[in-house]
Amino acid sequence: MATINKNLSVYDKSALPSAKDFRFGVVVSEWNENITEGLYKGAEEALLDNEVPAENIIRWNVPGSFELIYGAKKMLQTQKVDAVIAIGCVIQGQTKHFDFVCEGVTQGIKDLNVQTDIPVIFCVLTDNTMQQSIDRSGGIHGNKGTEAAIAAIKMAYIRQQASLTHGFASQNLLTSGAIQLDEGTPLELKE
Ligand SMILES: Nc1c(NC[C@H](O)[C@H](O)[C@H](O)CO)[nH]c(=O)[nH]c1=O
Ligand SMILES: CC(=O)[C@@H](O)COP(=O)(O)O
């Protein structure tokens, strides 16, 4: 379903897990800051609306969307967070640079989700025009920052539940090393 058929800011608060004990890192690109500030506002408001204490929201700025990868990596390595939200806005220009930035940041954030134990939420607009970005950062289609914050709450909860139940996880998955449930240390299974 395309964004034009789904308002990005709509969520059912009653259907969400409690987020009051979670800590969130938010890495914000300074490129197109008129848009990324709107995305951050949407994310911050959604986190606060779900009882996340203001002191549990850690914000770092990076120069552009490509730097979201390194910023998110250092955030999850150095800060005690339950999820990271990467906020950026990439807008098509005259050259192919758009393609490389979008692909690079997409792959980089995907890699962080595969290689680390902290969910990193992809809140990067990849638009053809500034108007499309305006429409998706608090405009007629809602705010992708709100959507990203809700995703971060849900993924932090999944991570929490998985760590609580890992003793009952499939022996095959764990012994194969397919899952590393702690920070890069394979779980030692007791015979
Ligand atoms: N054109 C946009 C960029 N370009 C900059 C790159 O993200 C990066 O900062 C630079 O290549 C140095 O490594 N970034 C955006 O976030 N949005 C754009 O529209
Ligand atoms: C995504 C970009 O890097 C792009 O907006 C830069 O503009 P241009 O392709 O005209 O150099």
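The backbone N, Cα and C atoms fix where each Cβ goes, glycine too.
Among the features that TrEMBL reports, active site, proton donor is placed at His97. The secondary structure of His97 (active site, proton donor), as reduced to three states from DSSP, is helical.
Counting every protein chain shown, 17 other Cβ atoms lie within 10 Å of the Cβ of Trp31 (5-amino-6-(D-ribitylamino)uracil binding site). Secondary structure from DSSP puts Trp31 (5-amino-6-(D-ribitylamino)uracil binding site) in coil. Taken from TrEMBL, the feature 5-amino-6-(D-ribitylamino)uracil binding site covers Trp31, Ser65, Phe66, Glu67, Cys89, Val90, Ile91, Phe122.
Residues or ranges marked as (2S)-2-hydroxy-3-oxobutyl phosphate binding site by TrEMBL: Gln94, Thr95, Arg136. Residues within less than 8 Å, Cβ to Cβ, of Arg136 ((2S)-2-hydroxy-3-oxobutyl phosphate binding site) and separated from it by at least 6 positions along the same chain comprise Thr3, Leu8, Leu125, Asp127, Gly142, Asn143, Lys144.
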- Task: Compile a sequence-ordered list of residues in the same chain as Phe66 (5-amino-6-(D-ribitylamino)uracil binding site), six or more apart from it, whose Cβ lies below 8 A from its Cβ; state 'none' when nothing qualifies.
- Result: Val101, Gly104, Val105, Gly108
- Task: Can you tell me which of Gln94, Phe122, Arg136, our binding-site residues, come within under 6 Å of ligand 1 at the Cβ?
- Result: none
- Query: Rounded to an integer, what is the Cα-Cα distance in Å between Cys89 (5-amino-6-(D-ribitylamino)uracil binding site) and Thr95 ((2S)-2-hydroxy-3-oxobutyl phosphate binding site)?
  - Reply: 16
- Query: (2S)-2-hydroxy-3-oxobutyl phosphate site residues Gln94, Thr95, Arg136: biggest Cα-Cα distance, Å?
  - Reply: 23
- Neighbour tally for His97 (active site, proton donor), based on other Cβ positions within 10 Å of its Cβ: 12
